[in-house]
Structures are given as C-alpha cells and as structure tokens.
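What follows is one structure encoded as structure tokens, with my remarks underneath.
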Amino acid sequence: MEQQLKQLEQEALAKLQAASNLKELNDVRVAYLGKKGPITDLLKGMGKLSPEERPKMGALVNTVRENVTAQLEEKVAVLEEQAIYEQLEKESIDLTLPGRKVRQGNRHPLTRVIEEIEDLFVSMGYEIAEGPEVEKDYYNFEALNLPKGHPARDMQDTFYITEETLLRTHTSPVQARTMELKKGEPIRIICPGKVFRRDNDDATHSHQFMQIEGLVIGENIRMSDLKGTLDALAKKMFGDDREIRLRPSFFPFTEPSVEMDISCFKCGGNGCNVCKHTGWIEILGAGMVHPNVLEMAGYDSKKVSGFAFGIGAERIAMLKYGVDDIRHFYTNDSRFLSQFHRTER
Amino acid sequence: MLVSLNWLKQYVDIDGIAAEELAEKITRSGIEVDAVIDRSKGMTNVVVGHVVSKEKHPDADKLNVCQVEVGEGDIRQIICGAPNVAAGQKVIVALPGARLPGGVKIKKAKMRGQESNGMICSLQELGVEGRVVPKKYAEGIYVLPEDTVPGSDALELIGLRDTVLELGLTPNRSDALSMLGVAYEVAAILSKEVKLPEIAYNTISEKAEDYIKVRVEAKENPLYAAKVVKNVKIAESPLWLQQYLMAAGVRPHNNVVDITNYILMEYGQPLHAFDYDALKTNEILVRLASEGETIVTLDDQERTLKAHNLVITNGQEPVAIAGVMGGANSEVTTDTTTVVIEAAYFDGFSVRRTSKELGLRSDSSARFEKGVDPNRVLIAGERAAQLLAELAGGEVLEGTVAVDDLDKSPARVVVSPDFINNRLGMKISLEEMLSILNRLQFDVEAANGLLIIDAPTRRQDIKIEEDIVEEIARLYGYDEIPMTLPEGNEQIGGLTPYQEKRRIARNVMEGAGLLQAVTYSLTSDELAQKFTLKAEDTTRLLMPMSEERSTLRQSLLPHLVEAASYNIARKADSVALYEIGSVFLGKTEEELPFEEEHLALIVSGKWVDHAWQGEKLSVDFFIAKGIIESLFEKLGLTDRVSFEKASVDGLHPGQTAAILLDGEKVGLIGGLHPTERKRYDLKETFVAELNLNAVLAAQVEELVYVSVPRFPAITRDIALELDRSKPAGEIIEIIRNAGTKLLKEVKVFDVYEGDKMEAGKKSVAFSLTYFDPERTLTDEEVVSAHNKVLKALTEAGAELR
C-alpha cells in the first residue's frame, strides 16, 4: 500500500508538472485529490489495516496529499501569473497614438486682456461699470468738457446717428453716467467696452475697438495715486520689472493730462524695433478729472478730486502677444483665436 | 508744426544742445516731438555750380551737354535733362562720389556717348518734398541767386544743413503753432531768454486812412486792422525766407505772399494781402454773408456761402472768406503795386464752422480755429509792413486803419501752493514754483499764501488752477511725482451677479469647445434684421462710411455666419464660435435704441474627428441644443426652459425652435437654411442666439444640498409608435404630468424611423425612473404609478409597442 501511494504521488506530480493551463491542472486535481480519486480511495481502504498501521498510514497519506496539494497550488500560481501576463501582452497598446482630445474653446484675446485688467482692479476695490454703445452727444462729449464746436472734437471723428445721438467714441461716457448716478459719492470703477471711430480699417486702425476706462473720485485723490495705480497696471500686464513714465498730454476731460509709457518689455529699455529704438512704449492716456467734468456731474470740485485713465485693449493685446495687424481681432480666424488658449507664466 | 532749428535759433539760444536731446526735453515737458528730421539726410559733395555753357546733346533730343564751373577754374562737363537748364545759371551740382537721399550715389558716367561728371539737381533730388518746391522749379532744376559762389556748399545755402522737429500738437497748445510760441516753450525748458524780432521801418507821409476805410458789422470779428504799402515790387523772396518756408512745409510763391506766410509761421497770426487796386472801392466791410452769396476763392473754385459765414467785402461783394481763404478778385498778382495787409482776429468757432463746411482747411484757419493771441494781431501787421519795406521795396503808409473791440487782457488765476502740492501728491517749494512760472514768463505775484498769476495771452489754455498745476508739474518733471495708491476706500469692489454669470456663460461655451469671436456691431441694412425672431426698428448712421457698415445689428448671427464661412473657405473642417455682444432694437424715450446683450453660437462642419479611431461626426441640431442646455443647466434653469417650433428668416423651417424661459421667448436655435448654406458655402451648420440679459436676470433659489439616495431606484421602459411629426417633448410632458411624485426622471433612449415602421410613423422609447428618497419602493407601488402613465398615454392616443 505504501508502495502504491508513492507511485500515485509520482504519477500525480508528473501530470501536475505536465499541465500547461489551469483547466488541465484542475483535471489533475480532480483526478488525484477529488472525492473519487485514488488517494481518497486509499483512505477509504484504511479500515482494513491493523490499528498499528493505521495512524502511520494515515500520516503518510496526508503527507502525500499535502505535498500534491502544495505543488498544485504552486503550479496554479505560476499558471495564473502566466495567464495575466498573456492578457497584459495582448492588451498592450501603442502609447504614442494621439489621445481622444476633449474639444475646448477659449476667450477672445481682447476678452482675455480685459478680464485680466478687470481682475486686477477688482482686487483693488473697483467695481465694473458698463454703459450703452449708442450714446447721447451729452454723455460722450458735453459732460466731458467737450461742448459743441470744441476743437478737440476733431480728435475723434464720430459716427453720428442723429444730431444728438452717436456711437460712443470712447468709454468715458460711462464715467459721466456713473458720476451722475452716484450723486457726489466716492467712485472706483473700471469700464470696459466697445467704441467706434470714423476710421478706415487697416493694419493699425479699426472703426470698432475696445477700451477700458478707469475712474477714481474721492477726497484728496492725487496725481501720485494715479501714478501708483498705473504702475500696478503696467507691472500686472507686462511684468514686474516694467517701469513707467508720464508725459504731459491733453484731453479735454482731464487736467493735468498725461500719457503713460512703459519701459520696453522686449529690450528692457535699450532700444529695439518694438519701442522704435526709444526704450519706451506708449500705452495709455490719463489725467486728473477736469473740474468742469466734476461740476457738471454734481460733484464739488473744491472738495473732491479724481483721476481717470483709458486703455486700448487692442493696443495692449498687440504689444503683449506681438500681433501685427489690428484686423486679426475682428476676422475671427480660428487659427488666430485658438492661439490664446494656454496659460502664461 | 515743423520747427526748423536754424529758424528757431533766431529767437532762442539752443547752441550746444543736440537736436535729439532737445527733442527729448520738449517731449518730456509737454509737446510731443513726433520726428527729428535731418534735412541734409547724410548728403555729401553737393556744391554750387555755374553753368558756363549749354549745348544740345548730339544724340539725344532731351539732353543738354553743360560745362559747369564747380570751383575756381574747375570746369566739368555734366549732362542735364532738365528743361529749364540754361547757360549763366547758378545751380546745385552733385559731384561724383556724392550721396543723395534714397541711396542714390553719383558716379562719372557716359550718357549716349557723352561724358557726365556729376548731376545738376532739382530740390526734389535733394529730398525736398515736391509740394513745397516753388512752382517755377517744380518740374526742373533749382536755380540759385546770381551772386552765389561756385564750389561753395550748396546744402548750407539752400538751408538743408538744418534739423526740423515735427511737433505733434494737442489742441490746447495752439500757442506752439508759431516759431515764437515754440521759442517761449524751449526758453522755459532751458531757462533762456526769448529774443523777439525788432520791428522798425520808415513810413511815407501819406496816410493809410486816406486810402481805405474799415467797417465791421459782425461780432465774430472783434479786431480788424489794415495797413497799406505802396510801390511794392513783386519778385521771388530772398533765399533765406524761401528756405525757412520750405523747412516749415510751405511752398514759396512771391515776396508778398511769402511774407504773410512767414509771419503766420513766426507769430502764429494769419495775415492776408489784398491788391489795393483790385479792391476798387477804398473800403473794407466785414459782415456775415447773405445766404447763397458766392465768391471765387484763390484756388479758382466758386464757393456758395451761408448766412453765418463771415466775409470780407469791398462794401459791395466778398473779397475773402474771413480767416479761411482770399478771393481771386483781389489776389496779389505780378502787376500788384499797392497792397492792403489784413491783420485781424476772427472768432474760432465761426472759422472752424466755415472751413469745415467748405472743406477748406488751411494753415490760416487752423490757427484762427484754436484762437490766436489777441496781443499779436497788431504786431503781426507791423511786422508785415516792415518786411514789405525791406524785402519788396514797399513804402509803408502812415498809420493803421483798425476797428478794435478785442479784449486783450490776460487771464488771472489765483491758486495756493498747497492746492498744487495736494493735487500732485508732492512737496514743491514756493520758490521752485515761482521759478517755473518765471521761466514760463507768466506774470506772478505771491501774496497771502497765494499765487496770483496773469497768464500771457499767447497761452490761451491757461484758465484755471488745474492748468497751473499742470504747468508746474510738467516743468518740475513728472518723474518726480511719487507713487501712491488712493487712500480711504470704503468700497469692496467686485463683479455684479450679471457680470459673474456672464463669465460663467463664457466658460460653458468654451468648455463645450467654442472659440469666442468678436464681430462688428455695424452691418448692412440687409443683414441688420436677419436671423431674428422679431424684427424691430433699426438704427442707421447719419453718414455711414460704407453700406456694409451702415446699420446697427439686431442679431449676432449674420456676422458669425460670415466668420464661419471665412474659416471654411480657408480649409477649416470645423468651426465652433460664440459671441457675446449687444444688439440694438427699436428706440427708447431717450432716443437711444434698446441695447440687449446677446449670446450667439455657430457650429459648422465636423464636430467629432478622432481620425485613427475611425470616429467622425458632423454637427447636428442636438449638438447646438446640447450646448444651450448645458448653459441652462449651469444657470440652474433647466426646468424652466422649453423649445417650441418656430420660423426664422434664414433658418431651416423644420429645424428651428424658439427658446422659452418661463414661457417667454428668450432666443432661437436652428439649422442654417440650405439656400443660406449655399450662399455662404457652408455644410451642416447650426446656430443659436439668446437674450443674455433675460437669461442671466432669471433668479434661481439658493443651492441647498439634497441627500444622496440611500434606496435603489426602479426603471421601467416604454416604447411608443408615434406620428413622425409628433414631438417627443409632448410625450415627455404627458408622462411627467401623469407620473406620481415617485417618477423622478424621463429619458428618451431610442428613436427609430425606417423600414420596420409604417410610413409616417416613428418609434420612440422612454426610460422612466421611479424613486423615493425615504425607502425602497415595492413592486406594487411602481406598477400602480407606471399604470397611471400608461393610461394617460393611451388616452392621448399613443400606441404602445
């Protein structure tokens, strides 16, 4: 019987080794260790043995059984691993093929510039004010110290709709409207919007463009406040190492009036083609609110003062992104628009 | 304004300052120098030549062989093609090796077999603009005065060894529209004195008042002065005067005209010279024109006048349009001997209106428009008399005939130094302020802590305290102003809910794959009302620049369709754009149109294109609708929105819906009509437009958490056979209404039309979800609820499959 058992063990182990997949292995298990298998049979036949032999034989059967089971489990593990390996092999893919991209759009570059400026000023406590694109002559000109017949009206050729209504030539009428609304209260606003001038469209002119106007009114608002504010704007839009300078200028709605230049962001001020070899780039116009403008809106120009500035969004975008033709902003070529997708810095 | 530095030197000492440096100083302190122009343009080897002889070229009709003396005893043969070249002339010669503007290099050459050792030059060849070259020399070489010395530097002689500053003047600084004005500015910047021209001349015993009477019958002319000069000899002006005029961009004509132009540039005071004999009446009457009155102006154009145009007349007919242009009937000609010089002050507004109406802008009108210096009018007349005597051999009659009611007093401004410092955020000392005001030659007195300032009348822009703040700041230097931020802010700042939601709308559109477009608000009449649910009155420009940009739009879609077409024409296989912008509808009580902010989108061509996976999908209605639905979902409005079949000009009648929010129309969505697609060369194209004002104004409830379901939901499917035209939306409505509160969701999961269906029918399958957040539903409850739905559907005539 012992002999028989050894032989069975050898047989089982040999078949087990020969098995090449989990199914064959299972067959081996059923054949040798199953309820109807020979080892079970041997166990059943133990009753015929003498009481002395019985435990010895029992132990021996168990040993064989355990050995076969252990080796079987080992083999199962090997085969399972192999099966997983094969599956992985079969499922492996060409990782260099392009992914299934999610379609994404993005802001227009002008909106991108405007929102960036809006966010800066909102963080400094400003509100965003908006006004109509079709304006009254009064808000566009008269309330801004540009009475009818004023020579400076030449500076901005206007699309009139009637004698008294027009397409606004700047976002400054929003200032006038806000002042009227606030009735003497302090103001901090930024006013982005579309404006219109009688210009033929070419690489540097557009009959429609975008402006962002800023206005602060309060007690003791000084020109140094304007300068500090514009400095913050220049650094935000063109980098922390930008310097600004103010040059005297003229706008009927401010006195004193200035234009602001920034140190050239391309050459750092040494002179290059971007700054026309001057080291400086003209960015915007600004000034202290003219007392006539304050008085017309019901503010006491002896008690309060203010500053205002106006930026062309196209100019900023053209400089910032190196765009060479203003018409790109209004052609809406996807190849242009989609370039303004990614983040900066 | 073009400022010749050679000329400027006559009034202010600028020696030792490089032109670039001067330009920078002027720019930084108030007047922008647009360009610094070196008139010599790097030219070399250009000398005076004496044409000793001229002979026809043997082999060329239009060429002459000239022997030209270009230095003592140095005679060279030069071939010249200019029609006006002649023996005996003094001319400008570019010698071999000379460099001229435009990269021209002069070399020895043979022209049709004849040697040529240089070039006799026109002024244009030396870089002078053709429009300022005297007419006599416009078509040929320039001829120098007889007394010039051959071999001497021709550039020096004709004033090209000069630098010109081009000033970009703002309207307030009309004082710098004169050499003297610029001299005052430069003197203030450099702390120098201004040297005014010395005016002195002899008069003859005859009196001007015996020759001419002046009457003024219009308040637009507070000062009119006339001087009379006899025995004037009309000739070319001396070279120095011509040079200065050309440097200033003015074409020399003859000595009389040139003198008036010279003084115009020198003092900024326009003058006019009449031929005394041509006036015929010994009288000047200034009055308003009678309506329809005509005058032939110097440019030989007949002008019809209006009743508000100010004219100079001889008492009978107009002889000049005041401040704008003289009349041909009283023009100075080569035969003129007696000249009447007009020095007047005309109202700026009147001149501006007249010059604008007549389309006649001149150096003269430009100065009157902005207001000339009241204290220079009479001086300019004196200066003219002097120069007519000196340069035209004239005899000045005694006296000036004038009507003078002009206020010539300076503007007084009283301001405290504290005000100036507070406004600037600076601490400038009183001494420094006084020093600056003195440099500007403002009359100033410090008393009781105040500055009492009389601004010179040449500075018409100085009227109020703030003007003084600017003067102080610009000469002290804007660089000196410190940087601070406004104090005492009581406002928190931020976006309004509308502005925030608009940004969210942009995010939704971009998240859906659309690029933001910006198109023009102005469009054609034809496109203004296209793609609208309801056309309103349009807003049209008074004077459009083109028909294409004449009217304000009522829909964003026409330009978006054009943009899509533009992209497709450039081989884009897909276009997906959105725009947020205003449309202009009808008219408010304030005469302004209602401005409504709209959001519009367009999708055209391919939507999905995963090439190697073999997945391609063209746009369809439901892609556009899905994007709109996503927006409503983001805004929490999904349950309040419905779509209703609609008809819109330019859109597909079977694929167009109005979008309703709480039952009100707020937009449209649809496929582009096949004829429109053909017109714009587009394939499948779908559009939508929303009234963003209405959509973003819709209030939604505060967001409150709803517990995550702990009990299972149960679904039941229904398949119905429907008429093809029956909207699924109506069925969903029926199901929703019939389902009890246990019915949580109804979804369409299949739509089938085809072979297996009867013609005109379709099959639509719905999936219904029943759910109770509090417990697990029993079968009986679900069956009972579902049966109610089935009953309602049967009652509505739907056929269960």
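Positions of Cβ are set from backbone N, Cα and C atoms, glycine also.
All TrEMBL annotations are machine predictions without curation.
In TrEMBL this protein carries:
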DOMAIN    B:40-155  domain 'TRNA-binding'
DOMAIN    B:408-483  domain 'B5'
BINDING   B:Asp461, B:Asp467, B:Glu470, B:Glu471  Mg(2+) binding site
DOMAIN    B:709-801  domain 'FDX-ACB'
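The Cβ neighbour count for B:Asp461 (Mg(2+) binding site), using a 10 Å radius over every protein chain in view, is 20. Counting every protein chain shown, the Cβ of B:Glu470 (Mg(2+) binding site) has 28 other Cβ atoms within 10 Å. Within 10 Å of its Cβ, the residue among the binding-site residues B:Asp467, B:Glu471 with the fewest other Cβ atoms is B:Asp467. Look at the domain 'TRNA-binding' (B:40-155): DSSP puts its residues at 14 helix, 43 strand, 59 coil. Within the model, the domain 'FDX-ACB' (B:709-801) shows a mean pLDDT value of 90, rounded to a whole number.
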